[in-house]
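Worksheet for the structure shown next.
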Amino acid sequence: MAKSSSLNVRVVEGRALPAKDVSGSSDPYCLVKVDDEVVARTATVWRSLGPFWGEEYTVHLPLDFHQLAFYVLDEDTVGHDDIIGKISLSREAITADPRGIDSWINLSRVDPDAEVQGEICLSVQMLEDGQGRCLRCHVLQARDLAPRDISGTSDPFARVFWGSQSLETSTIKKTRFPHWDEVLELREMPGAPSPLRVELWDWDMVGKNDFLGMVEFSPKTLQQKPPKGWFRLLPFPRAEEDSGGNLGALRVKVRLIEDRVLPSQCYQPLMELLMESVQGPAEEDTASPLALLEELTLGDCRQDLATKLVKLFLGRGLAGRFLDYLTRREVARTMDPNTLFRSNSLASKSMEQFMKLVGMPYLHEVLKPVISRVFEEKKYMELDPCKMDLGRTRRISFKGALSEEQMRETSLGLLTGYLGPIVDAIVGSVGRCPPAMRLAFKQLHRRVEERFPQAEHQDVKYLAISGFLFLRFFAPAILTPKLFDLRDQHADPQTSRSLLLLAKAVQSIGNLGQQLGQGKELWMAPLHPFLLQCVSRVRDFLDRLVDVDGDEAGVPARALFPPSAIVREGYLLKRKEEPAGLATRFAFKKRYVWLSGETLSFSKSPEWQMCHSIPVSHIRAVERVDEGAFQLPHVMQVVTQDGTGALHTTYLQCKNVNELNQWLSALRKASAPNPNKLAACHPGAFRSARWTCCLQAERSAAGCSRTHSAVTLGDWSDPLDPDAEAQTVYRQLLLGRDQLRLKLLEDSNMDTTLEADTGACPEVLARQRAATARLLEVLADLDRAHEEFQQQERGKAALGPLGP
């Protein structure tokens, strides 16, 4: 039985932060760390003591993580950033409420002695001889210690305490991965049994030594099960210092989702029930398991369920049938065509998530060039007279302020200058739209046309498609490019306003111009002639989009997009593993990098032919590199294995921590199915005849730090996992099991007289009872399977580890 763990984290906003700049303000941003590893960084909000971020992350994690921390810092253009405060949430605190955490939490002061990380490897023995008892502590090594020196390393030594006695190991200079391999022996002194405490310290020539962490073992543990193995370092026990709100507060939302995923055969009955649902008629179907699942799902859970169901049916090659089933149900119960797909129904959410899962490479290809132009050119555009800054031109030139009419004309020209290429890219993208999306739109077009064939409703079939493609896909991506991975950072206020105007225009085009002049925003009127010109082109585009032959048989199952599709691309600095004769700063060369499901490729620019590529199947590890390795930040390594079994390392430097995390995540996901992954690697580099991390002199020395292949950011490129998706559906059904039982009881007690009075069909009621009973039976079987596997786990845990 596999286990999965993921954190949904939303950094909402801060309030009452202290001023760190001479201007009386701060430039705050937030770092999100899991077990001392940075997994995300928010955008910087300039000149604010009450910043709003609204950034959301899904982090897939190993099951043994311990702590989630938020650090709020003030960005400085010169020197180091100032730390404002932090919030620490233990795993236990997060899981205390199944709904997670959603609250304001006061920031606390960052205590250097509490900022510990890493592990120590020990072997302890209790010996007895003629002179009494003796404790032998074999201090082997430590890994991933906190950097305490300006060089990004430490000078660690261990100090062992037992009773009133203490001994120290030697000090190993300039490493976070020390190897001592020293045995310390302490004689038991008269008195009560004493605990064993091992402390790690960073030796400093000037000033006091810095604390690196400690472990402690009770006398009972020493006697019954002497410690042997790796142990997580902890800070000194102390009460959490409450700042009383003096450092401000942070509003966060955190939810931990942990699941035990059973073997595939356990979910087969549930899968068969769901697959059967999409095979039959849907217009009046209230009896299928899928219809019951939709009925049981509340609005706040609908999006997550829609995502899992779409992935589930994609994995079986039946996503089109699933969407068609929901579409038929939605269309059949819609009386007014103006309200079609306007609610957040399961059908609407499923189509929306389907587009995000299947169409993100397509979206990037269509919109990214123009979105990049908007960010880079930073043109001022405004049509609303109430928001126009007429004095802006006076501040940046000597020509004086523009009149309102001049500002409107200038802004209109700029807007149409961006909208034109956007519309051109969209209407010219028929051949690039994924076949699965085109087939889904074709089905949608046909179902709506069959339901509303009247002449006065001839636009409804177009509006149904454009409502998804334009209003729920293109327009939101233009409005918030970062959420669709089109940009690494949120837009500044001026660019954000420009994007809002463009998104409004694209929405109006998606509505086929039907609402132009009817809303409150009459200041958009100067743009209406251009928008109306685009409407006829969009109609023609939609006709060509749904003019596609074939069915789902031609769409590969268990894949969101072809293996050759580009998952991530951009400029990085690249360095080969081989020693370079040049200085380090010249060894990294600027390269354009593409990542697909098949290869990691490099060239000098996007227009050049690829000059080098690495098969993704050869990747064995993707990890961060310590800053001290090359005296450079944001470096990662890609470790590959050739046909002879030899390992090779490619180093890549990113612009910032967010770009680093995104590339790490993308590479780890792409290489997730690879066999023979490395359990450990070197976070340093082999330079000057030794590893910079652990100081070992052999290039072939075993890695000194654990790899983190399970730590990834959740996004549209997540691989399909049908068993995990089925587990989520099972969990959702569990929440509604009482309702299912009540429904079965009501249907069983309903007599034929009541059936006649209510107009209910006996055959429909019989199918409802059968479907409800089958669902409850499947849930009971899955309950038993989970209990059996948990009993097996408890049995294995009781036996204890078989080795060190």
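Quick reminder: no glycine exception, Cβ is built from N, Cα and C everywhere.
Per Swiss-Prot, these features apply:
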BINDING   Asp21, Asp27, Asp74, Asp76  Ca(2+) 1 binding site
BINDING   Asp21, Asp74, Asp76, Asp82  Ca(2+) 2 binding site
BINDING   Asp149, Asp202, Asp204, Asp210  Ca(2+) 4 binding site
BINDING   Asp149, Asp155, Asp202, Asp204  Ca(2+) 3 binding site
BINDING   His682, Cys693, Cys694, Cys704  Zn(2+) binding site
DOMAIN    1-105  domain 'C2 1'
DOMAIN    116-231  domain 'C2 2'
DOMAIN    317-545  domain 'Ras-GAP'
DOMAIN    565-672  domain 'PH'
SITE      Arg342  site 'Arginine finger'
ZN_FING   674-710  zinc finger
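Structural mapping of features recorded in Swiss-Prot.
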residue: Asp21; record: Ca(2+) 1 binding site; contacts (Cβ under 8 Å, 6+ apart): Asp27, Asp74
residue: Asp76; record: Ca(2+) 1 binding site; contacts (Cβ under 8 Å, 6+ apart): Asp27, Asp82
residue: Asp155; record: Ca(2+) 3 binding site; contacts (Cβ under 8 Å, 6+ apart): Asp149, Thr171, Ile172, Lys173, Lys174, Asp202, Trp203, Asp204
residue: His682; record: Zn(2+) binding site; contacts (Cβ under 8 Å, 6+ apart): Trp691, Cys693, Cys694, Ala701, Gly703, Cys704, Ser705
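DSSP assigns Arg342 (site 'Arginine finger') to coil in the three-state reduction, outside any helix or strand. According to DSSP, Cys693 (Zn(2+) binding site) is assigned to coil rather than to any helix or strand. Annotated pair Arg342 (site 'Arginine finger') and Asp210 (Ca(2+) 4 binding site), C-alpha to C-alpha distance, rounded: 60 Å.
A sphere of 10 angstroms centred on the C-beta of Asp149 (Ca(2+) 4 binding site) encloses 16 other C-beta atoms. Mapped onto three states, the DSSP output places Asp76 (Ca(2+) 1 binding site) in coil.
Highlighted in sequence order, Arg148, Thr153, Ser154, Pro156, Trp203, Asn209, Asp210 have their Cβ within 8 Å of the centre of the Cβ atoms of Asp149, Asp155, Asp202, Asp204, the residues recorded for Ca(2+) 3, and are not part of that set.
Excluding Asp21, Asp74, Asp76, Asp82, which define the Ca(2+) 2 site, the same chain contributes Lys20, Ser26, Asp27, Leu73, Glu75, Asp81 within 8 Å (Cβ to the Cβ centroid), listed in sequence order. The DSSP breakdown of the domain 'C2 1' (1-105) into helical (H, G, I), extended (E, B) and coil residues amounts to 5 helix, 58 strand, 42 coil. Between the listed binding-site residues, namely Asp74, Asp82, the fewest other CB atoms within 10 angstroms of a CB are found at Asp82. DSSP assigns Asp202 (Ca(2+) 4 binding site) to a strand in the three-state reduction. Asp155 (Ca(2+) 3 binding site) carries neither a helix nor a strand DSSP state and counts as coil.
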